[in-house]
Amino acid sequence: MTLYDCIIVGAGYAGLSAAKALKEANRTFLVLEARDRVGGRVITQRHDDGTYVDLGGSYLGKEQPRMYAFAKEFSVETFDASTAGKKILVYRDKQTPYKGLVPPLAIWELLDMHFLIKRFEKIAKTVNLDEPWKTDNAIYLDNITLAEWANQHCWTKAAREMMSLAAETIWGARMTEFSALHAFFYAKAGVDLTTLLTSKNGAQDQLIKGGAQTIADKIHAHLGDDAVHLSEPVLKIDQSSGETADGVVTVTTAKTSYQARHIIIAIPPPQVLRISFNPSLPHPRRCLLQHMPMGSYWKYLACYRNSFWRDSGLSGEAASPDGLISVVFDASPKGSEYSVLMAFVVGENARALSSQDSDKRKEMVLSALAAFYGDEAKNPFRLVEHTMMDEEYIGGCPVGTPAPGMWTTLGPWLRKPFYGVHWAGTETSSVWSGYMEGAVCSGQRAAREILSLKK
Ligand SMILES: Cc1cc2nc3c(=O)[nH]c(=O)nc-3n(C[C@H](O)[C@H](O)[C@H](O)COP(=O)(O)OP(=O)(O)OC[C@H]3O[C@@H](n4cnc5c(N)ncnc54)[C@H](O)[C@@H]3O)c2cc1C
């Protein structure tokens, strides 16, 4: 049996980046992916008429050098997301267009929001990104939820609801479900909260021509089909023959077994619990994984023959703290003959929406879109709906989020190797955690860990 230097579990951006780094270092490797395609949480749906939509991750932000380096290396074009025009806030049964970053709220609500965000950014700056548990006041901040922290520091309902909207949109989870420390960590890992929430020059600055899976497909082609086995979910990892960094690890998939000196696991945290380990994973590591649930998102792509919102001076960007749809963006491909509104139903609303059948869900979403853009929004030539909440090898979206108290008790276990097993995946990244950039960063870091070991 071939003895690989490394087997990589998962062909999302983390696993692919790890594989690419090992290839460039002339190491032997094999990528094992459960599904019949690469890209993981990034999936581009391509239609026969030449149109495409991104069902998973899609945006690139200005300060994401690793993804841009890939785009350059594989000659994949990126383009500015369309943002010109007014945004819309639908709140308290009122639809209000507005310019710039300041939403149309009462002056006292704006002041409250301003000071809340200012305070948030100030604390976030103090987070130790590599070891968040070493941040000043870490235990206190990790023991209160973001909701408790926001309640302590704002006095208007509007500011609380705006913070809640931001949280559910970023994490797909309610702000009662994770700690203030995690929120500060995550924001700093992606520059700051304002960057995460912003389109132009923020985290939603650009889109990838041909869809976000394009770069993953090109990395796959670069690695070669022989090096990436699709439709081979890993079921078992056996390190019992040598519990040292030099031991041989046997990996069993649904089809066969393989052997390697090292393993990189690059899959969503809760998915690790579905793999059988011998010896079993240390209890603290299991416990951490059991407390990192994936978020809840439904994503809707409404495709139109024309961008009627632009004709009315609207950018296509909209938000609603108390509606079914939380945020909308104009995700139209550059120079295309069709336009796309990308709408997110997040957190509690997403979980509730799942109890409806598809026709009812689409009807509800089109009505909500009409509350932003009028009845014209009710007639897309195509409406695609997608969620990863029920996908067998992902289990939720966009990201796994540690429960309160996890960082300061079990945080050190997040990246700690387990004999020959090393950990990647966007959730393990200390920069842009939760984003494609974080996935790449984590894969490259895990590859460096392997390369630093004796061959
Ligand atoms: C709706 C949505 C919108 C998003 N928007 C953005 C955005 O605009 N910008 C951005 O940067 N990020 C965005 N993200 C987040 C981004 O997509 C992820 O952070 C990133 O793709 C995660 O990459 P990964 O490699 O860490 O994990 P994944 O992409 O989850 O890859 C893990 C892979 O492991 C495989 N796997 C699981 N179990 C096994 C097993 N037992 N054996 C073998 N293989 C297995 C899975 O099939 C999957 O292919 C979004 C995500 C979603 C879902």
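Cβ atoms here come from the backbone N, Cα and C positions, even for glycine.
Straight from TrEMBL, the features:
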type    : residues                     : note
DOMAIN  : 14-451                       : domain 'Amine oxidase'
BINDING : Glu33, Ala34, Val234, Glu427 : FAD binding site
BINDING : Phe344                       : substrate binding site
*Find, for the listed binding-site residues Glu33, Glu427, the residue with the lowest Cβ contact count at a 10 Å cut-off, counting only other Cβ atoms.*
Glu427
*Three-state secondary structure, which DSSP defines for Ala34 (FAD binding site)*: coil
*Around Ala34 (FAD binding site), how many other CB atoms lie within 10 A of its CB?*
22
*For FAD: widest Cα to Cα gap among Glu33, Ala34, Val234, Glu427 in Å*: 20
_Return only the integer: C-alpha distance in Å from Glu427 (FAD binding site) to Phe344 (substrate binding site)._
21
*Please report the number of other Cβ atoms within 10 Å of the Cβ of Phe344 (substrate binding site).*
21
_Tell me the Cα distance separating Glu33 (FAD binding site) from the residue listed as 'substrate binding site', rounded to the nearest angstrom._
27
*Write out the long-range same-chain contacts of Val234 (FAD binding site), meaning residues 6 or more apart in sequence whose Cβ is under 8 Å from its Cβ.*
Val9, Leu32, Ala34, Val251, Thr252, Thr253, Ile275
